[in-house]
Amino acid sequence: MTRQITITRPDDWHLHVRDGDILNDVVPATAACFGRAIIMPNLVPPVTDASAAMAYRDRILAAARGTDFQPLMTLYLTESTTAETIREAKAAGVVAAKLYPAGATTNSASGVTDIRNIYPVLEAMADCGMLLLVHGEVTDSDIDIFDREKVFLERVLAPTLTAFPSLRVVLEHITTAESAEFVRNHQGNNLGATLTPQHLMYNRNHMLVGGIRPHLYCLPILKRNKHQEALREAVASGDPRFFLGTDSAPHAKDKKEAACGCAGCYSAYGAIGLYADIFEELGILDKLEAFASFNGADFYGLPRNTDTVTLVREPWTMPENLPLAGGGIVPLKAGETVNWRLA
């Protein structure tokens, strides 16, 4: 049995770090392992222009406590976003813009109601080389929550890719067999997808059978076992269009364990060990480096990291609770054994 592996330093291509005191509590866990992370812009108020993005970046760097961690900044697309906003953000170093369908997830009320309303913005993004990151769910009240992603593929994503064939798009945190198949069947190299640890480790039975487990509640919601298996097959395939994105989303314990609990799993703490466990279980540890360290950088057109991290197979127990401003936070797989960790 493999006891130690050394890989190129990984990156996290989908991360929430919030703001204020919470930011200071959660950034170090990511900075200890990952070289870079795509920072989600759904603050209150959202990050909608270059100046807000750069100010947010400065706050994250201050919380990284002297590491070489690089936050990669994004804009929150609204129906007031302009092509000039995109060009200014690109010039300032913003690498991507995020499409949140209005009402789809945490702090998405300012999102887009109809993607056609921002077609001029998408054209500007394609022209200047800014990536589009997509929360791939429709929000129509008559669409079942377990079907939102599938409908999005047909109704929104496919027409957008046709309209903008040079726009590079990341379908984030995919949860369905249909999404995995859509990415693998797409003709061209302009569509990629991130996969979270929770969607690879769990399905909706884990969340609902024997009692509701609120710390597994996230959006897009966990799906049937057949979808979990399809996601695992996708990463096992070695297809370079799939890459690591934790979607780590910190919420205080009392905000999760509530009558109307928040969506999101906090997975930044020990994240690379969670992925290593999954890849070991699938018998594909040799593919972890590409998934975690190469595929995302290559898709974004960024250089791969040049330093390395070493993982050792020394089982440890994920803490039941971690300190967080405003109350503790329960990490993904709390109280359970994780086999791999950073050396």
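Just so it is clear, glycine is given a Cβ too, placed from its N, Cα and C backbone atoms.
Now, the feature entries from Swiss-Prot:
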| type | residues | note |
| --- | --- | --- |
| BINDING | H14, H16, K98, D247 | Zn(2+) 1 binding site |
| BINDING | H16, V17, R18, N42, H135, L219, H251, A263 | substrate binding site |
| BINDING | K98, H135, H173 | Zn(2+) 2 binding site |
| MOD_RES | K98 | N6-carboxylysine |
| ACT_SITE | D247 | active site |
Other CB atoms, at most 10 A from the CB of L219 (substrate binding site):
20
For N42 (substrate binding site): DSSP state (helix, strand, coil):
coil
With H, G and I counted as helix, E and B as strand and the rest as coil, say where DSSP puts H251 (substrate binding site).
coil
Based on Cα distances to H14 (Zn(2+) 1 binding site), point out the closest of the binding-site residues N42, H173, L219, A263.
H173
So among H16, K98, H173, all listed as binding-site residues, which is physically nearest to H251 (substrate binding site)? Use the C-alpha atoms.
H16
Zn(2+) 1 site, defined by H14, H16, K98, D247: further same-chain residues with Cβ within 8 Å of the Cβ centre:
L15, I38, M40, N42, L133, E172, H173, G245, A249
Integer Å distance between the CA atoms belonging to R18 (substrate binding site) and D247 (Zn(2+) 1 binding site):
12
Between H173 (Zn(2+) 2 binding site) and H135 (substrate binding site), find the distance joining the two CA atoms and give it rounded to the nearest Å.
8
Let me check the 10 A CB neighbour count of H16 (Zn(2+) 1 binding site). How many other CB atoms are there?
24
I want the residues beyond K98, H135, H173 whose C-beta is within 8 angstroms of the mean position of the Zn(2+) 2 site's C-beta atoms, in chain order.
H14, M40, L99, Y100, T105, L133, V134, G136, E172, D247
Cα-Cα distance, maximum over H16, V17, R18, N42, H135, L219, H251, A263, record's substrate binders, Å:
19
Which ones are near K98 (Zn(2+) 1 binding site): of the binding-site residues V17, R18, H135, which have a Cα within 10 Å?
H135
